[in-house]
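Peer 1: The structure is given below, and queries will be raised subsequently.
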């Protein structure tokens, strides 16, 4: 029984190791950078774009942006989760933002959404919590999602298949079906590519449509560029009602009329040259017409219609508003002699003066006032504010610093200090205000170049130390280090060039050419450089030096 149990344990361990080996080989961060992988990648891209290019007669110029996202999905280390700064592999559950199309690990974005919602709702009381659907933002583009939109399951890019299988002949995290997402802006058609990362390309369908001004005949055009202009004059009547639009056929409303004409003001006293687009205007003159009372004139500035009744006619109230008088419009309303009793600016006490004209005085009654923080009281005039010198010791919402504001009411303002913590990239510090929780990912990108600098890939800041340089297809441009005028053709690389394998071709003393491989930089082992002091000393590894060897003796047979 013990031997069988041990055999089952070993069997399970071997199966787990084999499964892990297969997953590592299928991961997007694998090290297959050979020619076969590139040919395979090209076939997968062609298969994805087949239906789209069949609609555009082979034109793939509109697919460059989508192609870039798909190349990053294949490229080693190009797909990086900005939350944990780690590579996104084929066999890992992911989530894609619909705003910036950035890809994150599903576990990382779930934790990010949970932390964001907690930080937003933490200042709330238990009664307010849950009453409002607070949003959480995308770590990169800050596009806001509702609490109900927090991802809980792993879907492909088009959202049709849950937990898509790992297929080496499909784009990573794709289901292989037609995308069929609505184009943006919506035109009624759907995307024809196979399930893909990044934005959908412009709509390739052909539609028959006329120009903006509707004068030209309908012509067939690509749906993504169906708006067109015939370049003829628009001809629509402008808002002034007198002139027609002279601009070439255009979209939207016509511009205001640019012509100038003589126009009267509203009251009709003045006439000036003005733009047709603004016919209604007022002059600076007071109306001055006699009102129906016969004693006063209209004091309004340039108006239309009748002037109206005299504002001093009818019943008028005294300054305090308690007594009404019926007097001719030529007489002023007297004060009633009663107390004013209007509420003062303090909102508590009333004016104790007799009925008077003009504003009431400030409140001068002495009251027992409590300071803003509620710790001290003092007897002082009602109109003066009372602030004590006690500094607030509460911790601000950052949970790090004290408020330190004098006589604080308890509603402490947000922390005004800079966070300054080192971000996950280890290169920059957080520029945001002091906050709780983890900092936002570093928004910077870094260029990783090959040795010659002609091949560049952009990676998130912090990944440049672990990412491998891109494989360059340019030939190495270093000068040869041997006696040959040119070196063997090989691709751009780091480190020393490989040894020259061209025939030596030096002229020997006998007149023949040396036929062996170039030996200007041969590695020769050095011996006898260091004598060991005794048997206790460890022997050192042999040292190799690069040196030029003489040509071997000529082996060409000759008659003697």
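Indices start at 1 and increase along the chain as displayed.
Using N, Cα and C of the backbone, Cβ positions are placed for all residues, glycine too.
According to TrEMBL:
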| type | residues | note |
| --- | --- | --- |
| DOMAIN | 187-205 | domain 'NF-X1-type' |
| DOMAIN | 240-259 | domain 'NF-X1-type' |
| DOMAIN | 293-312 | domain 'NF-X1-type' |
| DOMAIN | 346-365 | domain 'NF-X1-type' |
| DOMAIN | 373-394 | domain 'NF-X1-type' |
| DOMAIN | 398-417 | domain 'NF-X1-type' |
| DOMAIN | 425-444 | domain 'NF-X1-type' |
| DOMAIN | 482-502 | domain 'NF-X1-type' |
Peer 1: Could you please provide the mean pLDDT value for the domain 'NF-X1-type' (373-394)?
Peer 2: 87
Peer 1: Going along the chain, which residues at least six beyond the ends of the domain 'NF-X1-type' (293-312) come within the CB cut-off of under 8 Å?
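Peer 2: Here the qualifying positions are 265-267, 269, 282-287, 329-330.
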Peer 1: What is the three-state DSSP composition of the domain 'NF-X1-type' (482-502), stated as helix, strand and coil residue counts?
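Peer 2: Each residue of the domain 'NF-X1-type' (482-502) counted once, the result is 0 helix, 1 strand, 20 coil.
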